[in-house]
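Colleague: This is the feature table in TrEMBL:
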- 442: active site, nucleophile (ACT_SITE)
- 335, 363, 386: S-adenosyl-L-methionine binding site (BINDING)
- 202-520: domain 'SAM-dependent MTase RsmB/NOP-type' (DOMAIN)
Ligand SMILES: C[S@@+](CC[C@H](N)C(=O)[O-])C[C@H]1O[C@@H](n2cnc3c(N)ncnc32)[C@H](O)[C@@H]1O
């Protein structure tokens, strides 16, 4: 924070405010606005990092920050640019290590830069944020930290370790087992800057200790993780990555690296050339595991249907993983949005895997229909459903999600779980007998993962399938010990993959989910 100067408004903070105003005016995404901003581009790297942290943080925590600011305004209404400035400054006071004297003084200058007559009001509000809300969040974090240090729900059960939450806190073992205590939910909501309903869902889905751990890490920047494209020669891609001086270090997964410096990645041209794919580590594990389920089944080229191709990151990883095992995958992918299919096709060509991949723009809920394009009519060894979801496992990467999502979207009829079940059921009809149906999301909510899997298995179509453990996927037998540890750590006792199960080797992944369903009954589709 050396660039900060008490009194004179720093250019990093002024740029962060412009970005946040632009996001509000255009209803844009903060990372897109940051990427396209000439003002941000002109900053030196250190200031650019502060601008990014402030703008992303202000958007990610917006509901909590606005509530705190409002609680200190006794009358009247804040004009939008002033509210934006106070949001940015409140985030800095509460969540960055800037000395309060500097962050308050800079916050007052920031507010005065857009509303000169509000200097006194801004001063009063920000001083109260520093004096009252900063310690309140510190106390909430301490209580959550005490809970996290107990490690597992079993040790919590029957013990009231800190006396700071009610006894009922230890009694969560699965979704809906009991109501979360309001004190725990309030702490997770405040420290993790989540709407209360989402904090409740997080506790119901992950349990108290993992919910607390997630809240403590919720405002940190996401890990800068990349995958080398195996199809373009891992050695060459690694050389190019080293030459770009991004301070890479290997992670315990084939071709996975963490970057110490992320800022130069776009400028290096490596992403455009598809030599390097920005991709969370857990998403890489999901893609390689899915590829192995297809490659492990036959000596002939295996057929894999990917549902929900998006920008084809996992398609590229799956094709590359198969090549690295000297196997061939024929991949068909379907995606609802035509613009994504066009982009996916461009990326597949750049990544040198277009020969083995075909993409179709269609609605996956119609996959059981008779009039599908020809290549989709033949049965598949593996159908991999990378389902549309809330993205609640990727809040740090997609900061808009936390405050734009509603409980209705993840819970009720006509919502995401209903669409996920419809897609899974339609996709199931394309699985060959003995083949596998894989269901994946980047959500941490049980309503979108295990409950969808259970609803499917309880359905007529689902009666042809049984759950298999992800630890028994063919990839597991070929992994190096630390890679096997990583996979094992992320698989729960029920055999389902959940990367939200906490950090390992200091790696803090997004929250991804994967379930394997093997087809044991039924006839050819
Ligand atoms: C989790 S994302 C996929 C991510 C992608 N596989 C990747 O690796 O980057 C889910 C995708 O499903 C697509 N989708 C949503 N509804 C769909 C539907 N009814 N049929 C097919 N695709 C759909 C979304 O547009 C989105 O791209």
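Keep in mind that glycine also has a Cβ here, set from the backbone N, Cα and C atoms.
Context for these features, please: burial, neighbours, distances.
Modeller: Residue 442 (active site, nucleophile) has a Cβ environment of 24 other Cβ atoms inside 10 Å.
Taking a C-beta cut-off of under 8 angstroms and a sequence separation of 6 or more, residue 386 (S-adenosyl-L-methionine binding site) has the following same-chain neighbours: 306, 307, 308, 309, 310, 314, 440, 441. Residue 386 (S-adenosyl-L-methionine binding site) falls within a strand segment according to DSSP.
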Colleague: Can you give the largest Cα to Cα distance in Å, as a whole number, for the residues 335, 363, 386 that bind S-adenosyl-L-methionine in the record?
Modeller: 13
Colleague: Under a three-state reduction of DSSP output, how is residue 335 (S-adenosyl-L-methionine binding site) classified: helix, strand, or coil?
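Modeller: DSSP call for residue 335 (S-adenosyl-L-methionine binding site): strand.
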Colleague: Cα-Cα, whole number of Å: residue 442 (active site, nucleophile) versus residue 335 (S-adenosyl-L-methionine binding site)?
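Modeller: Each residue's Cα considered, residue 442 (active site, nucleophile) and residue 335 (S-adenosyl-L-methionine binding site) end up 17 Å apart.
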Colleague: Among the binding-site residues 335, 363, which residue has the largest number of other Cβ atoms within 10 Å of its own Cβ?
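Modeller: Of the binding-site residues 335, 363, the highest Cβ count within 10 Å belongs to 335.
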Colleague: Give, as a single whole number between 0 and 100, the mean pLDDT over the domain 'SAM-dependent MTase RsmB/NOP-type' (202-520).
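Modeller: Here the mean pLDDT over the domain 'SAM-dependent MTase RsmB/NOP-type' (202-520) amounts to 93.
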